[in-house]
């Protein structure tokens, strides 16, 4: 890989171009260029690559399968929403070498500890700044480097640090001296101050001093003595300090920057919730129009979109099916220019990827626009391709009084669709259950209360459903919603309705408590309004506030709404199911989002966040001279009374180590439902601030004490070592 290879980069049947690829000396960066591009080249880091697929395992490589055999093809899959890189080698041996090599490097990158990660980061900077590639860095190169790193430092101070690091007085720094320079540059006074408060000799924390710190500042109580020993073992780099059961400033800083020192409780990242309650007692990570990678009008329909959603822990995917011209049902956004994919290929993709990120059940939400004949073919594909994975009969042969649990349904795919009822019953004329916002507004009689629709007086027509497809629907039978009263009197637990965002919002506002009670017994699915042709999203929090489980979002669209979704489902092992608070699981609950105080166990909490400093924030503008002016905003998303935001002032020209020392205060009335979002922005007085990074997490997952917030990009991927250093306290009001 270091010697380099000429590989074909493939984008489509007609776009196949040769590029020269090689691994750089840092063992982590892959560099490539075309032979004709002059000096232009591209690079990416192995840390951005999630997996390597061998052979024809992407739509692009499948389309050229006749031209290139599987043993010379492979695909690099990236984290986040970045597209795949499909490559073809000259020989099978070369393909094997690259596949093995990249996998090895991914493994190495994933298993680095904090210190190795930091060393790698420093090495990366050295490589970037050593413009003439002589393995040394003169002061001019160092000044350029500081700008690249987002540091605006006066020349005198920079020269002072440079001279201190240049032990050989040669006027340039080699890598070891550069590491020393970098250490002085990143010395963190604010961490040193906290360390000094507890280290009597100012040099190291003895075991009992570290215990005191954990007990008083990190709120660890009883377990602090055991934990102190573990932290020294895990994070202290100095052998002599370890022998004395002590922790140096270096060890202390490494601990604070680790996952254990992060704002997210490590035990909540693991699967820790009770998974044996009925399905309707969980929020379920859900995608809308899962087949789209872009917008709803011209976007590309793709199997890759299903793979991406499923690997993010999504547990409810949508399939829009239409009659195909050659008798095979196709999936696309009907009556638009979006491209088409085969239904059977979607089912095969589900079979392969449904349970890679989580083994809890996947709900296949079917928007069925097909005639009876192709519906029957759909039923055949589902049963033949999925086999036992498809749940096609009740678990114990009996129709239940309540829905089964995620635990009981592990490894199963459930079909959500309309179902032919008993003889004599009738089904809505259409086999689909979504209506557009416009139709919905027209259907809403202005005189009738918005929470109740009159039950249908008589059947318009008999079903247009295939019996074979209908029989596969067990626990997720789609029915029209006729109001809460009607549901209380007549609805079965396995019947569920879909609501457009506007209808759900109205019900939440006018009859919040009724909606919460309804969702304690039934599943509900919410979908974006028909006017969102750009695949934008609505705020899911408003829907979770009334207990809606399947709040379907356009996963392909990054932004605040998907940050909230990732924030809620980042807990519980990322399994795609989060247990609702107990006051939302009780069918006779009095809780409503408008009046959070009217419930058993009401206990508002005070959240106080001292925003201390930021570390190595990414540049927003890649121009060499530009440096960010960062500010931190903390936002609470929850019941209406909890919606709040506070922000710090901005710091001029320092994205490297800005210090704020400002405290932001909140009172949270329904902490069990609240999400907290930390966002860093680049202040601009003339226009909108630019996004720098964010982290969103459930209030219930926050660790109090001195913590680091490891920031994510707009796309939800990690951007190490960018972070915020905060001191969090949570108390009763």
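Every residue gets a Cβ built from N, Cα and C, even glycine.
When DSSP labels each residue, the domain 'PH' (1-107) comes out as 27 helix, 39 strand, 41 coil, counted as helix, strand and coil in that order. According to TrEMBL, the feature domain 'PH' maps to 1-107.
Under the heading domain 'EF-hand', TrEMBL lists 117-152 (among others). Within the chain, the domain 'EF-hand' (117-152) has long-range Cβ neighbours (under 8 A, six or more residues past its boundaries) at 24-26, 28-29, 158-159, 162, 170-175, 178-179, 181-182, 185, 616-619, 624-625, 627-628, 653-657, 720-721.
Under 8 Å from some Cβ of the domain 'EF-hand' (153-188) lie the Cβ atoms of residues 119, 122-123, 125-126, 135-139, 142-143, 146, 253, 613, 615-616, 656-657, 725, all in the same chain and six or more residues away from its ends. Positions annotated as domain 'EF-hand' by TrEMBL: 153-188 (among others).
Residue 168 (O-linked glycosylation site): 9 other CB atoms within 10 A of its CB, across all protein chains. The O-linked glycosylation site annotation in TrEMBL covers 168.
TrEMBL lists 288 (among others) with the feature active site. Sequence-distant contacts of residue 288 (active site), defined by Cβ-Cβ distance under 8 angstroms and a gap of at least six in the same chain, are 318, 527, 528, 552, 553, 554, 555.
Under the heading Ca(2+) 3 binding site, TrEMBL lists 289, 318, 320, 367.
Around the Cβ of residue 333 (active site), a 10 Å sphere holds 23 further Cβ atoms from the protein chains shown. According to TrEMBL, the feature active site maps to 333 (among others).
If you look up TrEMBL, you'll see 416, 418, 498, 525 marked as substrate binding site. Under a cutoff of 8 A between CB atoms, and with a sequence separation of 6+ in the same chain, the neighbours of residue 525 (substrate binding site) are 286, 316, 365, 416, 496, 497, 498, 499, 548, 549, 550, 551, 552.
Annotation comment: TrEMBL describes 422-463 as region 'Disordered'.
The compositional bias 'Acidic residues' annotation in TrEMBL covers 425-447.
Taken from TrEMBL, the feature domain 'PI-PLC Y-box' covers 469-585.
The domain 'C2' annotation in TrEMBL covers 585-713.
Annotated Ca(2+) 4 binding site per TrEMBL: 627, 629, 653, in sequence order. Proximity of residue 653 (Ca(2+) 4 binding site) to non-local residues of its own chain (separation of 6 or more, Cβ distance below 8 Å) is seen for 152, 627, 628, 629, given in sequence order.
The Ca(2+) 5 binding site feature in TrEMBL is assigned to 682, 683, 684. Within the same chain, residues at least six positions away from residue 684 (Ca(2+) 5 binding site) with a Cβ under 8 Å of its Cβ are 629, 690.
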Rounded Cα distance, in Å, between residue 418 (substrate binding site) and residue 682 (Ca(2+) 5 binding site) is 49
Shortest C-alpha distance to residue 320 (Ca(2+) 3 binding site) - which of the recorded positions 168, 333, 682: 333
Top Cα neighbour of residue 333 (active site) in the set of recorded positions 168, 289, 367: 289
What counts of helix, strand and coil residues does DSSP assign across the domain 'EF-hand' (117-152)? 23 helix, 3 strand, 10 coil
Cα of residue 683 (Ca(2+) 5 binding site) to Cα of residue 168 (O-linked glycosylation site): how many Å, rounded? 42
Additional residues around Ca(2+) 4, ordered along the sequence, whose Cβ is within 8 Å of the centroid of 627, 629, 653: 150, 152, 626, 628, 630, 651, 652, 654, 655
Across all the protein chains here, work out how many other Cβ atoms are within 10 Å of the Cβ of residue 682 (Ca(2+) 5 binding site). 21
In the structure shown, which of the binding-site residues 289, 498 has the fewest other Cβ atoms within 10 Å? 498
